[in-house]
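Reviewing the structure listed below.
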């Protein structure tokens, strides 16, 4: 009987230990699978502190903003943007959309690459910002929602600062090993010095040669240049973007005249409205 009693006690202890182990394991998996809550508010502006400002060229700078804690994430869905609020040179309020170049895998901060124009109202605000200042931000905003594998391939046509949403989507796809989506990007600028995120784009093309292709187009190219020249043409789109098909999509983002011209080119080439999206 003592043997049976001891065996019963041991069994009870073993079961208790097993239950605790299973509960602990489930808790660990829950913690790992639970997505951190984002810092954004779609209805109200929130303040984020500028912790670094790095000049990239004479009119382009990278702004790094801290999130509330080192483990916080911005919480911006792929392909969406934020609204930034500032003041122009006359002190009037101005609100403009921007797409961060960081993802939620970049914890504790987010970054904006900003091209500042001489007469730009929001450009004035960014030019005047100093480390320690705060930026008012609201979001997420936007109609584009990306799910891995939603298309076989993306064609992307970007002009100037219109590269930022393309860069965000491209990074998300390439850094996801289970996403096999192909990306074909045409990126147009006036001069070589106007190309934003050049080093980052070239590195992605080098590191993911089977998944990401980029074709640069310049209005005023340097003497030695192997990219496109002039404006993005139908021939360039045919050569560097996936052909019209039900499982592809062409994304475009650039100045209004460029967007209008690209929409006309895509229509002429047989891309349906469902195959096109404009940021």
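Glycine is treated like the rest: Cβ placed from N, Cα and C.
Database features, via TrEMBL:
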BINDING   97, 98, 113, 115, 122, 123, 164  FAD binding site
DOMAIN    43-147  domain 'FAD-binding FR-type'
TRANSMEM  12-31  transmembrane segment
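The helix, strand and coil residue counts that DSSP assigns across the domain 'FAD-binding FR-type' (43-147) are 8 helix, 48 strand, 49 coil. Within 8 Å of the Cβ centroid of the FAD site, not counting the listed residues 97, 98, 113, 115, 122, 123, 164, the chain contributes 84, 96, 112, 114, 126, 161. Within the same chain, residues at least 6 positions away in sequence whose Cβ sits under 8 Å from that of residue 123 (FAD binding site) are 114, 115, 116, 117. Over the domain 'FAD-binding FR-type' (43-147) the predicted model carries a mean pLDDT of 96.
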